[in-house]
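If you check TrEMBL, you get these features:
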type: TRANSMEM; residues: 61-82; note: transmembrane segment
type: TRANSMEM; residues: 88-109; note: transmembrane segment
type: TRANSMEM; residues: 121-143; note: transmembrane segment
type: TRANSMEM; residues: 182-201; note: transmembrane segment
type: TRANSMEM; residues: 213-236; note: transmembrane segment
type: TRANSMEM; residues: 288-312; note: transmembrane segment
type: TRANSMEM; residues: 332-355; note: transmembrane segment
């Protein structure tokens with residue numbers, strides 16, 4: 001009996017060592033493995049159990065694209081770039097950045113029409129370059145989403161304070177003694193916002209899209225208010241004084257374009273909804289490209305309005321639009337800017353959280369993270385586990 005047991009142990013050890021010796025080959029094979037679009041659409045997608053519900057239409061995608069991009073970026077970058085880089089030509093910087101974003105969005109459109117699955121860039125890279133490149137990019141995108149969403153949620157508190165006329169945003173935060181200075185203020189307002197949006201996203205993608213559509217309409221109206229006020233109360237002379245329309249030359253305009261491109265981040269989230277669109281081949285191009293074009297036009301007009309209200313060398317580096325309104329005697333408009341920015345932050349956060357869950361869901365389908373993260377709830381048609389986890 002002991003001899004038989006010893007033989008079994010030797011066989012087990014031999015098989016284990018043999019399998020271990022094959023690990024580099026298997027790992028290399030897995031890293032370079034690619035999947036066809038047909039496998040992605042049929043074989044891999046079935047690993048989620050239930051299907052995501054196809055309820056979104058082209059106008060939902062346009063609104064989601066606008067909501068994802070039309071966030072706080074324009075309020076942060078425009079004044080800074082106009083003052084330090086582009087001058088009044090900051091609107092040209094936005095045109096250049098918009099063309100770049102449009103070309104990139106066309107790439108996303110082409111892939112999303114050919115491979116209408118929820119994985120976005122992860123799925124496209126996995127099909128073309130293999131699982132290692134796809135996973136590397138997907139993990140980076142997820143980190144970007146999670147960390148930036150945390151920062152954006154905290155900035156929501158700051159703008160909400162501004163909307164209520166509170167100058168110190170830390171007055172709404174809870175200080176914890178014993179933690180490192182700068183990391184010791186807990187933001188329960190941001191936590192409550194993230195939890196509320198998470199519950200909304202778990203319940204229904206269509207209802208989340210409707211909520212985003214309502215917020216986006218109000219946000220566009222708010223942008224229109226700033227543009228009209230700027231054009232009516234500003235002066236064309238400010239576009240050429242004191243040092244011309246491009247005081248730092250072409251280099252300054254291009255440097256500015258590289259910085260304001262930050263304001264366009266978010267259009268890629270639309271491609272992650274490809275499994276939830278009724279007619280992806282027609283709706284995706286309209287949703288992705290249309291949202292980029294609309295946002296580009298709004299950004300250019302916003303930049304022009306700011307530079308018409310205030311000479312570029314007098315624009316405040318922070319809270320540029322609030323200070324510009326104060327310069328024309330509309331101090332109350334600072335509260336309006338805070339309210340509008342808060343609404344934009346909620347919309348962009350909603351779209352980002354929508355996209356990040358779809359990325360993790362499809363990475364789970366590829367078995368590169370625990371497969372339970374890929375489960376889609378049969379009644380809601382949403383990736384509940386991935387949404388809650390993130």
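Any Cβ shown, glycine's included, is placed from N, Cα and C.
Here the transmembrane segment (61-82) sits against the transmembrane segment (288-312); at least 3 CB pairs are under 8 Å, leaving out pairs fewer than 6 apart in sequence.
For the transmembrane segment (332-355), the partner stretch with the most Cβ pairs below 8 Å, chosen from 88-109, 182-201, 213-236, is 213-236. Listed by sequence, the residues of this chain that lie at least six past the ends of the transmembrane segment (182-201) yet keep a Cβ under 8 A from its Cβ atoms are 149-150, 153-154, 156-157, 160, 170, 172-176, 207-208, 211, 346, 349-350, 353-354, 357, 382, 387-388. Here the transmembrane segment (121-143) has long-range neighbours at 30-37, 40, 108, 111, 115, 268, 271, 356, 359-360, 362-363, 366, 368, 390, meaning same-chain residues at least 6 beyond its ends whose C-beta is under 8 angstroms from one of its own. Listed as Cβ neighbours of the transmembrane segment (288-312) (distance under 8 Å, sequence separation of 6 or more from its ends, same chain) are residues 58, 61-66, 68-70, 74, 78-79, 82-83, 87-88, 90-91, 93-95, 98, 101-102, 105-106, 108-109, 112, 220, 223, 226-227, 229-231, 233-236, 238-239, 241-242, 247, 260, 263-264, 267, 270-271, 320-321, 323-325, 327-328. Only residues 6 or more beyond the boundaries of the transmembrane segment (213-236), in the same chain, are considered here, and those with a CB under 8 A from a CB of the stretch are 59-60, 63, 66-67, 70, 298, 301-302, 304-309, 321, 324-325, 328, 330, 333, 336-337, 339-340, 343-344, 346-347, 350.
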